[in-house]
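Input: a single structure, listed below in structure tokens.
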């Protein structure tokens, strides 16, 4: 069902149009063309990457894809050749890069596309396998198991793997690196007999309703795949080419030729001068005049329509003016008093003063003296210039 080949220098392969083609680029083959590992006796495991392109072009043909997960895994070329390339040899240049020594090795792969019998197969079904990556599905044993399961539920006389596409190429998202999640693979197969009743169960109204509600449809033949492949039956596509009507017959298309506009006449070399005076008036003069008028109206309202202080005083009651004047005088007096900072501080605010004369007492210690151990308050006996208050005496002494 598919053509598998290994890497050889200038290898010729003969895939069939419309049938899946897989070509493996094995790292073990290219290891022999690079210098040996520096330590004798150790097996070399150099990281090797591949670059593939059509000879004379920077990229591959549109039908051919390439994948290599890591520099320590083999590369795979895969795709489905088209009928347009039948009989035309396609030369693919394969360049291997040794990431340890930075050396390269180049080989050519000559693809001779042959025409397939009874192509294309009229009945085609595309399955979405959720638990596989594209390189895992391209393995010959895995792809053989999948085709065997499809053959059991379809029972065709001829079955071909037409194409394999990663879900990422269909707009899928990269899966999270948890629980060994896979990206998913679309596998298209073709057969020469109509679809089986099991595959037709997807089109039942009950299953369509379950799919619209994001529920698994009930498919009787799902157990044929469940042991190894997880099929998303809501994404299966069944195409019957025998009943399809080409759409180009219904759509009326033009001939693809532009109408004849006559002979081309380029503009003359001598262009007439154009008067931009009217454009100037429209773009600059008119908006400026409107802005000036609006400015004059605003200036008249703000400057010429003010009521004035005299009119305001005439409309205000006398008692309100008296109160306002008194408040202004008091405010002015308080402001004048606050400006005079040279008067003596009140005696009640002095830190230490004489209780009788009110004389300010000099500080008890210099500023540099450590007062951390001094008490917060001192007794009257320790205060200097302390006036002794006469003690009360008995009446017999007077």
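Here the Cβ of each residue, glycine as well, is placed from N, Cα and C on the backbone.
Matching 280-303, 304-327, 328-351 against TrEMBL, the residues noted as transmembrane segment span 280-303. Applying DSSP to the domain 'Dystroglycan-type cadherin-like' (12-120) sorts its residues as follows: 8 helix, 44 strand, 57 coil. When pLDDT values are averaged over the domain 'Dystroglycan-type cadherin-like' (12-120), the model yields 85.
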